[in-house]
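These notes are about the structure you will find just below.
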Amino acid sequence: MNQSSLLAEFGDPITRVENALLALKEGRGVLLLDDEDRENEGDIIYSVEHLTNAQMALMIRECSGIVCLCLTDEHANKLELPPMVVNNNSANQTAFTVSIEAKQGVTTGVSAQDRVTTIKTAANPSAKADDLARPGHVFPLRARPGGVLARRGHTEGTVDLMQMAGLQPAGVLCELTNPDGTMAKTPEIIAFGKQHNMPVLTIEDMVMYRNQYDLKLA
């Protein structure tokens with residue numbers, strides 16, 4: 001079965017987006033899949049606004065371990081976060097910046113609590129570049145202006161979801177993996193979502209939703 005058929009039990013694309021927005025408003029996570037012809041992976045996504053140590057611990061335990069903080073381009077500029085490399089030649093042009101750590105309130109920076117502290121420090125609307133040490137254990141990503149209508153990536157999907165939910169435009173993501181370390185695909189992602197009460201949606205769902213409601217996001 002293809003992705004669309006497997007996801008049909010979660011409703012149509014508009015319903016899937018609305019369920020995800022409700023979950024985020026309630027402080028729960030969602031699972032966002034990209035296209036089967038792209039990465040064909042699913043990311044756990046939480047809002048920074050509601051992020052807890054327990055949620056971070058779940059991400060570290062169940063995912064790849066590379067926890068990323070998705071920020072608007074404007075906020076990343078405010079924090080003076082340069083690209084991780086000068087010449088980004090990755091296949092999907094993922095916009096990693098230098099990694100970060102909070103200067104205050106952390107120990108080694110790698111624990112769930114420390115990563116939450118770093119993330120909330122960086123995403124604070126009044127944050128300054130000097131609040132952060134570089135490098136660190138959190139990996140910021142710059143969302144392209146225009147969101148999923150400009151780039152159909154998990155980074156843009158994360159920031160768009162937060163804005164659509166009326167939350168602070170910052171979220172965390174990490175790629176869901178199987179117990180054997182392989183990447184989770186649609187059937188495993190759906191099973192995980194049911195187990196952890198996380199709605200499942202796709203980036204294509206979000207594109208359809210934004211186009212239907214003509215949402216102009218940053």
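Cβ coordinates are placed from backbone N, Cα and C, and glycine is handled just like the others.
Remember, predicted model here, so these are calculated numbers, not experimental data.
Copied from Swiss-Prot, the annotated features are:
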- ARG38, GLU39, ASP43, ARG151, ARG152, GLY153, HIS154, THR155, GLU175: D-ribulose 5-phosphate binding site (BINDING)
- GLU39, HIS154: Mg(2+) 2 binding site (BINDING)
- GLU39: Mg(2+) 1 binding site (BINDING)
- HIS137: site 'Essential for catalytic activity' (SITE)
- GLU175: site 'Essential for catalytic activity' (SITE)
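Cβ-based crowding with a 10 Å cutoff singles out HIS154 as the top-ranked of the recorded positions HIS137, ARG152, HIS154. Looking only at the binding-site residues ASP43, GLU175, the densest Cβ neighbourhood within 10 Å occurs at ASP43. Each residue contributes its Cα atom, and for HIS137 (site 'Essential for catalytic activity') and GLU175 (D-ribulose 5-phosphate binding site) these two points are 16 Å apart.
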